[in-house]
Each structure stands twice: as C-alpha cells, then as structure tokens.
Amino acid sequence: MEADWSETARIAFPGPSPSAPASAVTAFAFDAAQELLWTGNEFGRVTSFYGTELQWYTSYRGHASSAPRGSPGNAAVKQILFCTRGVLSLSSRGVHCASRRGLAQWHLEQDEMLDLRCMSFTGKGTDELVVAGCQPQMYRIDVEKGTLLETLVPPAPVLYTIMRRSGQYICAASSDGSIHLLDSKTLAVVRKWSAYAGVVNDMDARGDYLLTCGWAQQQHGGLGLERLVRVYDLKNLRPAAPVAFQQGAAFVRMHPKLSSTCIVISQSGAINSIDVQNPDVPTMRYAPTFDAQLTGLELMPSGRGFAMTDTHCQIVLWGSPSKTQFNEYSAPTEFPDTQMPVKHLDWVSDAPLNLIGMPYYREALLSGWPNSLVHELGAPPPKLEQALLATLRKTESGLVGANPRTTRRYQAENTRASLRGPGSIAAPKFLSEKPRDESGVHEGDRRLSEDIGKTLNGLALNGSSDPLAYYRPVEIKYSKFGIDDFDFRYYNKTKYSGLETHIVNSYANPLLQLYRFTNVARNLALQHAAQNCVHEGCLLCELGFLVDMLEKAQGQNCQATNLLKVLSKQRGAATLGILEDRTATTPLAVMVQSLNRFLLHKLEESYRLLAGRSTGIQAAFAMRGSSFIKCNTCHYLQEAKDQAWYSHDLVYPPKPAKTSPRTTSPPFTRILQDSLHRQEQQRGWCMRCQGYKAITSRRAIYGTPEVWMINAAIQTPEARQLWATRNFLPREVGTINANGQVYCYDGQDLQWHLSKRPHAITIYELVGLVAEVAAGETQKSHLVSLVNASVADPDASKPPSWHLVNDFLVRPVSEEEALHFDGRWKLPSIITYQAKSKSHIIDDSWKEELDTSILYRSVPQPALTPTYTFRTLTASDPLPNNTAHCAIDAEFVRLLREEIDMGPDGSRTITRPARSGLARVSVLRGDGPDQALPFIDDYIAIADPIDDYLTQWSGLHPGDLTPTSTRFTLVSLKQTYKKLWLLLNLGCKFIGHGLSSDFRTINIHVPEAQVIDTQQLFSLGERSARKLSLRFLAWLLLQEDIQQESNGAGHDSIEDARTALKLWRRYLEYEAEGCLEEVKDEIWRRGRRTEFKVPGSQGGGERRVAGSETPRGSAPSTPLRRPASVVRMSTPSRGDLGGSPLRLD
C-alpha cells in the first residue's frame, strides 16, 4: 500500500428497480481479464462496473427472488468467480453462468440445493467447479457444459461457508469455526484446525499461506472479532505465528503480487498492510466510513488498489489517483455502439435541403437524368514521370523545368484511366464469360484466360514501366456463380499454391508461405499433426494441415481459414495488436513482426503440450543461451538465467555525429552478430548496491538453431538507406559458436573460413523473406513474400528458383529482383535463414506413422429417423487405404452475410462473400458388407454467432450447435477435420455430390484422383452447362424421392451421401454396359420437360412446406429488389416524372 493511496471513487449500489432505494452488496469481485468490478445483491442481480470511475456496464438477474415487492430479497448472490465463458455467480439455490455482456450461458438448480454458500475451482483451469454450503451435499459441476458431474454426500457432512483454492488444496471454513484443507481432486479432508469459537468471518489463501479472520470469545463474555489474523503454513501444514490487529480483524486479502503481504481491515475503517514474515512494521491507514460499517474487501488483480463495501450500500474504491488499474494486461472491453443524437433542425425557407432530407418533389431529380446530359468532371491532373521530376528546380511559383513534349500542343490527355493506379493489374474475365465470348457456345471445359505475363509484357525492374505492378494488392471479384467463377490461374501458372485474401487477418499469408517453404518448419508441423494431438487451439497442428493442403493443391488457390480462426482466438492475440479487426493504425510491418514472435512462442507451447518438453522445437527455432546482468557501479555480476530466443530483431548502429569522420556502412553479418548478443545499457536493481543503478545486460549463446527468424525492424531513414545498398543481404551466412559468442561471416570471409576450417562452422542459406511494399501515396502498404522454392525441393541439383508470392499471385522472379530493396517502396520485414544441411530434406515419414485412434472415437447421434443406423470403426475393421471408398456429405450454417457494394448506377458488387461454418459431416463406408453404413456422423460445436441455420437445407435448428441446449453430441471442428485429414492421407476416395464447394468450406484440398463427384460424372457436357441436383438424379435414375420431408426438417447428410454412393454404383453399371451417353441424352430430354426439377417440387429441386415459402428456423433475409423498368431517352422537364413517387396529387 503506497503512501498516496486514498479514496478514488464511491458509488451507491443501485436497487432492484430504477425507483427502488440502494441495495446492499452481498458479493463482489474484480474481473481477472477485463477492467470490470462485478457485484451481486440480495435480489440475485449481478451488476458490473467499468474502470476506476465505476461506470455502470452490465446488469442482469442471475437468480430469481421470490420475496414480495418491497421486501428484502431471498436470492442473495453469495460468491462470484470467472471462467473462460464468462461470470459464475452462486446463490443459495443455484449456480448461474453468463457472458460478460449479460447473456445467460447456463443455469443449474437442484431440489436438494437449499443453502449453498461457497464454490471453488478444483484445478488450475476453470473447467470444473465444486459447490458446497450449509447442507450435507456437495456438487461437482462441468463449467463448459453447465452439467452436474457428481453429487457428494460425505459420511460425516461438514457445513462449509467459505472456500479458497491455493495450489493442490481447497481451503474451506466450516460453520463451527474450524478450517479444513481438502484435496482438490478427491475433496477428502487432508488437515483440520479448530480456529474460532464462533464462525470464520473471512479467509484468503495464496501461495504457501492461509490467512483467516473470525469471531472469538471475548474477555468479558460474548463473541467479537478476534484481534489477530491467524496464519497457516500450507507448505508444512501447520499454524504459523499470527499477526496482531488491535482494531479487530474483519476482512483479509493476500496481495496478488507480493507473496507474503496482506491487507487487513476492521469494520470501523482501519486499514493495515502487513508483511506476514515481518509483521512488526505495518503500513496503517484509515478510511472514513461516515457511521457505517465495512462489509467486504477485494484487492485488484494488479495489486494497485482495492474495493470495500459498507452497510450504507456503497462501494468504495481505494488506490493511487494516477496509477489505479484493475489488471496489468486487460483484454479490451466490448461496448455497444453509441447512438448518434438526433440533430434538431428548424424548418425555415432558407434551410439547405440536404440537412432536412428528401422532400416531396415535382421535378426530375438529377439521378433520373439520361446519360446524354451527364458529363464527367474533375479529371485528375496529368502524372509527371519520375525522370522529369528529378530535373525540375524550385522557384517562388513552384517547380520549373523544360517541356518534355510527349503530347501535341493542344492535345488533352485522358487521365481518368490512371484512377485505377499506375500499372495496376486488370481483373480477368469470369470463367463463365469466356466460352460465350470466344465461341458463342457453352463448352464442357472452361478455357483459361491469357497469362498475366502477356498482360504486363515489358515490365522490368529498371525499365520505364511501373515496377510495382506485380507487387500491388490483388483483389478477388465475385460473379453470380460465386468465387468458383473467378479465374485464379490468370494470376498463377506455377505449381506453388497461393492463399486467398477475403479472410480476416489474411495479412499473415506471406508469413505462412515463408513457414511453408522452410523445410524444418514444414517437417515439424506435419510430424506433429500426424500424432494424436487433441488440443483445440494448437497452431502447430493447423500449420501442418495448411502446409499439407498447399502441397497437395499443386498451384490451385487455397485459404488459411481454419488457422486464422484459431489464431484470432488465442489468448493475448488481441492485446498484442496482431488482429486486423482489433487495430487500425498499426503498420503492417510491425504487425507481421509481432505475429512472427507470437507464432513462434505458440508453436513452442503446442509442441510442449504433446511432447512434454521443448527440446525438438528449440533445436529448430530457438537460440539457446544465458542472459548476464552486470552493475556498472560495483561490477556485480548477477546470476545468469538460461533462456531461449525464437526471433531476433536487428539493432542498427546509431546515427554518427556530424563532426565524426565518415565511416563505411557495416555489413549485414556485423549487424546480425551485434543483434544476437544485444549488449544494452539500462537501469535496474543491483542486489549488492540494494538500489536502482546503471546496468549492462548481454547474452551468451551456447547453441544455434536450424532456422533463424529475423525481424528487420526498420524504423529510421538510416536503416532504410542501409538496406538500399546493393547486395546487402547475403545468400549464405556462416556462423561459429565458441565461448558463448556467435561470429557471423559472409562473402570472402566465409570462403576463407570454409577453406581453412580453423573452427567448426555452420552454413545458413537464405530461404526467403516477407517484404513490405508501399503501393502508392493513396494506398495502404502491402505484404508479399519472396521465397527460394528450390530449398524446399528434394532435388538438390536444381538451381535457385525465386518466386514472388503475392497472396494468390505467384510468379517466378530473378534472384536480383527478389533481393533488390528500395527505401521508397520495398523493404524486408522478416528474413529466414535455414541451415544448409537441412535444405532439400523433405521428411514424409509421417505418412507411415499416422495416429488413427481418433477415427475410432466417433459416437452415434440420436436417431431422428426410424432408419438411422451407425457403427463406428473398431480395431477389428480394416483401416481405410488407397483402395477404399467413402461417401461423404456435409451441412453448413451461415455465420455472416455477404457484403454488397452499391454503385452509383445501381449495380451490385460483392465485396466479401458470405461466410459459412461447418455444422455436420457424415461419412459412410463405400465397400464391403457394411456398404452405406455410416462410421462418422459429427455435429460441430460453433462458438461464433450464427446468422442463419439454413434449416431448409441443413436440417438444423437454433440451439442444435450450442453445447448447453443441443440434442446431439457435439465435437470440435478440429476433431472432425482431423478425421477427414486422416482419411485423405490414408488414400481414401471420397464419393459425393458437389464436393468442391463442401471441401472449400471445410478448408481441405482433396486431389482430383481421390474425388468421385456424381455432379461431374453425370454432367451433360456439350448438351448443357447446367449442374444437376442430387434430388433430380435420384428421382430419375434411382426412382427415389429424397429430401422431401413435409415437416421442414431439411436435408439429411447421411441420406445424401448414401444417394451419391448409389449414383456412383449406377454410373459404373452404365459405363460397363456402354450406354452412358444414351443415359445422358435421356437425362437431357427428361430434364427439359420438367425444367430439371422433380415433379411436384418448387425451385431448385427442393419441396417446400405448403403455405410457407420461408424455411422454418431460419433467420430472415433481405428481400430481392425489383429492377428498374423505365429508361429515359430525352431531357426531363417539369412534370415528366409525375411528382413524388411517395405521394399522389
């Protein structure tokens, strides 16, 4: 408790209704994740206050009070805890869980719950809760699911009133004044102390200490608050020396940062800050209570203040006026959008119409004028060439120079063409447009557009054309056929796949590509993904899945949807400013470098969770050594700490003084060597001087990794100029690690060491880099990656093959262009070197070591139809292999609607497509006696808000994907994805209908050799480009009417997968009999007569519920606009449009 601590805020706790008086606070606690103080009252209402000013944030009723209006409540909140899902509150009859926004997650009540008093988590996590009270029963509760796991009735029940967890024990105070230590796993009593003649008033435990306050027998009879704080040593399980507190200890809390310090207060306002190990010199203060008595105490998690409550129903905040902060690192608190106040306008004759709104009008509006009367204005000025700008000289009137005479004297230059940006790449035509434009007929095989290189023929790095053309951001265009109609091959003719950009946080694409071409990272990620990793947020698994997808795609576009979704949910990601939707001003170079550090530490964490230690990943990425700190005053060398550094920020030499002699620029290896050891001057605590002194810190390195991830950290003009030096970045770097020092060499020095070999030397080869490109003065910067793809090629004889990877634009470039930097538009952000001994080593042994145990853990779902059957794979079943067939179908829900941009001419352009979430996957056996029997039927839990369940097509209803209300057994997305990924790598062939869109939403790439799509098998070829529906084919070829439930239940993925399997079998029969083309002719003829629909159905082969055009259970959607039907061809005049369309005269 510092000297300037005082009262900083005081508010009255609001009553149960706006007109009711203030109510007493029965429980309160500081949020450990956000700047919130949570409180509860006797009416069961939980209220939170934001910040040090205690602004009202949320309020909700967690527990129902049955007391009559105006009477005291009977649902007092006893205790408040926090978990990953939100806030847990306890009343005498139940436990309630709600999000921090106040939305209920679950509520648990039992008839036996009569007088609950306390609760505690049973472990370090927040997934399990134990609840007890003045009743015989105790309860274990699953916090994630909100379900009762176990009801415990000990042989000798104890009535508990307070619980606090510390380490392996749960400290519990009973109603008879004794203290019990419970084992957190078994809840058995380990130790018991009889402490007080009355009850325990307050208690707190942290670290090795348990502190209690209670009611003891007084000298003159009766009970009173004891003038001692009892201390118990949890390490040795024995009482320690108590702490004296003459005013009567009412409440006590351990300091969250100082392990042996506590805050003790009395009911009258005396406050002591006491060190349990040295209680003779307490810090004493007094809080004015204004004739009230204090009823509670809570310390901020940051240790910078505390809160108290009193009998006047007030909450009092104490702390430093300038330093008070609830948490050291708080997550941002979500607030509702502010409502703009309605501006008051006076209706007067001279008021501008644009301030009042659209009035009734009698003349044609400008938007109704024909194109013949519209003229373009505001053309941009002509752009001057850079060579011309260099010759201009400054005068008082501006820049003056010779006329370049590139145009005729009175020739007007069309400058509007430059609005798209100089050298920008024109988007290709949609695939659906090209056959119609070129041949006039629909073709079975869509022809690709010309190579982008022909479009930009002649662009050169040092030529007169714009060198930024390939480096500028590329954009996906959407037609009415969706993203499948976009010609990605226009941008990529190589075998290396790019990544799409319409996903949040896709700025990380260049960094992910850099990891993909680094063999060590690639091998490590795939070996990890092939093991039995069950952790939901494992980024190393997601990296392995992504690398495998990019390799299998062989040049086809991919997307990092799943990895980026897991990244956005990582703890601490938002506070570091690496999420696009949480930051708007941070430069991309800073974001991607922070992301690189964050990813490396998260990869190490994921690796350690499975392997149990970090040895493997540290050998791959970590520089291992010790950090030394030396006092500059007494030269005391503090004890070195072993550390591992995963990323390295370059530290550039300081700018020389103007009077200093001119020196040569240092080479890259010298800057790298100095940056690794990072000798820094700063102020720190000296153990010998016992004070803050100037200290020097440096690193001693004893082990170098296989991969160096280097952040360029360019922040000064001098650093920019340094990188513009020709051949500044070496292709190879040699390192010698001796006596805690790393020596770096390149060029001739490296060749000399290689020839003489005086020391063991390790050669590192440049794999690639992430570069920041300044796209232009009016555009945001952009990130691209430049990689040497030959390093990741198993053929060591191939020459270096540098490629530019600009999201989904991939093209080969020369090494000179790749390593050419210009301070004006192209600078590196992240550089990767890999040990040359690891180049060309592609380890695919993981394919033979796949852990397939997760395939045997599928569970059956509730039978929604009488014909539902299911049998999971067992150890006796043959494992699927490259000869096995599996029928598959998936159902999806809509998470976000598509974003549409309306043009001035009324045109609609899709700027971001609708985002879907995987909801159900069914996989059936395709061979053997159990053919068509499902062995995977997974429903996926979705934590994101669901915009529309698409019930008519998915068969899902609101609540089906919510763990607390679902009727199904839900699994995580990773579990389902891992099963499909294993089947893919085991070589199974997937049978289904329209699988390309399913696999795209699942975010998995299946090679064409492993896909049997009945939509493609029965395509009509030259007859028609129409894609036939599964229902129509089943009706026509199998004489089955599927997807026709009259109760609006929607599609059944098992039924659809089984139908696709039957169609494939029928296709094989037609092919064997040689009548396939005749069957397609019959499909064409029958389809034209029925409009390719099942007779009696409506639109798209789907039968709708009679009298209800809107599918039940789905969210409302935007109605279609009626197109304009009037085209004006002459000058509008008064009365032409008949006045306002909203009012008839």
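For all residues, glycine too, the Cβ spot is worked out from N, Cα and C.
Here is what TrEMBL says about this protein:
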type     : residues                        : note
BINDING  : Asp889, Glu891, Asp998, Asp1056 : divalent metal cation binding site
COMPBIAS : 431-447                         : compositional bias 'Basic and acidic residues'
DOMAIN   : 497-836                         : domain 'USP'
REGION   : 329-465                         : region 'Linker'
REGION   : 418-447                         : region 'Disordered'
REGION   : 1092-1145                       : region 'Disordered'
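Sequence-ordered, the extra residues of this chain that approach the divalent metal cation site, with Cβ no more than 8 Å from the Cβ center of Asp889, Glu891, Asp998, Asp1056, are Ile888, Ala890, Arg920, Val921, Ser922, Gly992, His993, His1051, Ser1053, Ala1057. In this model, the domain 'USP' (497-836) carries an average pLDDT of 89. Summarising the environment of Asp889 (divalent metal cation binding site), the number of other Cβ atoms within 10 Å of its Cβ, over all protein chains shown, is 27.
Using a 10 Å radius centred on the Cβ of Asp1056 (divalent metal cation binding site) and all shown protein chains, the other Cβ atoms total 24. In sequence order, Ile888, Asp889, Ala890, Gly992 are the residues of the chain that are 6 or more apart from Asp998 (divalent metal cation binding site) and have a CB within less than 8 Å of its CB.
Long-range neighbours of Glu891 (divalent metal cation binding site) (same chain, six or more residues apart, CB within less than 8 Å of its CB): Ala919, Arg920, Val921, Trp953, Ser954, Gly955, Leu956, His1051, Ser1053.
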